[in-house]
Amino acid sequence: MLSEFCSECGTVLPIPATAPVTITCSYCRTQWHIKPIRNKLVYRSEKVYQNRVLNANEGALENPVVDKICDKCGHGKMSYACRQTRSADEGQTVFYMCLKCNYNMVENA
């Protein structure tokens, strides 16, 4: 099998775009005959995503719920999500959302 380098002297070889062809090393003059490829394997990978827009209540229900008092309405339940918004050596940021009035609060942990 042909590599990108001459097996005799290590010189970089030109890889042909078409075959059959004979490649000659420009340094040591070693030759290789390249045959055409008879079989081709074609592989196709496709990722399918479904875009879905959540309203505020749906997003809150998917996140965990904690006992925390809302600063706006005083309700005692909030959903939360943690994100790393700063550098890795700093704590994460916790985003809270009131389940009653949808008020958002941010806490740097």
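Backbone N, Cα and C define each Cβ position, glycine as well.
Small disclaimer: the values here were computed from a predicted structure and weren't measured.
Pulled from TrEMBL:
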{"type": "ZN_FING", "residues": "6-28", "note": "zinc finger"}
{"type": "BINDING", "residues": "Cys6, Cys9, Cys25, Cys28", "note": "Zn(2+) 1 binding site"}
{"type": "DOMAIN", "residues": "66-106", "note": "domain 'TFIIS-type'"}
{"type": "BINDING", "residues": "Cys70, Cys73, Cys98, Cys101", "note": "Zn(2+) 2 binding site"}
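Structural mapping of features recorded in TrEMBL.
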| residue | record | DSSP (3 states) |
| --- | --- | --- |
| Cys6 | Zn(2+) 1 binding site | coil |
| Cys25 | Zn(2+) 1 binding site | coil |
| Cys70 | Zn(2+) 2 binding site | coil |
| Cys98 | Zn(2+) 2 binding site | strand |
From the Cα of Cys28 (Zn(2+) 1 binding site) across to the Cα of Cys98 (Zn(2+) 2 binding site), what is the distance in angstrom? 76
Counting only residues outside Cys70, Cys73, Cys98, Cys101 in the same chain, those with C-beta within 8 angstroms of the Zn(2+) 2 site's C-beta centroid are Asp71, Lys72, Gly74, His75, Met78, Leu99, Lys100, Asn102, Tyr103
Cβ-Cβ distance under 8 Å to Cys28 (Zn(2+) 1 binding site), same chain, at least six residues away: Cys6, Glu8, Cys9, Thr11
Other C-beta atoms that fall within 10 angstroms of the C-beta of Cys25 (Zn(2+) 1 binding site): 19
For the binding-site residues listed here (Cys9, Cys70, Cys98, Cys101), tell me which residue's CB has the most neighbouring CB atoms inside 10 Å. Cys98
Measure from the CA atom of Cys25 (Zn(2+) 1 binding site) to the CA atom of Cys101 (Zn(2+) 2 binding site) and give the result in Å, rounded to a whole number. 75
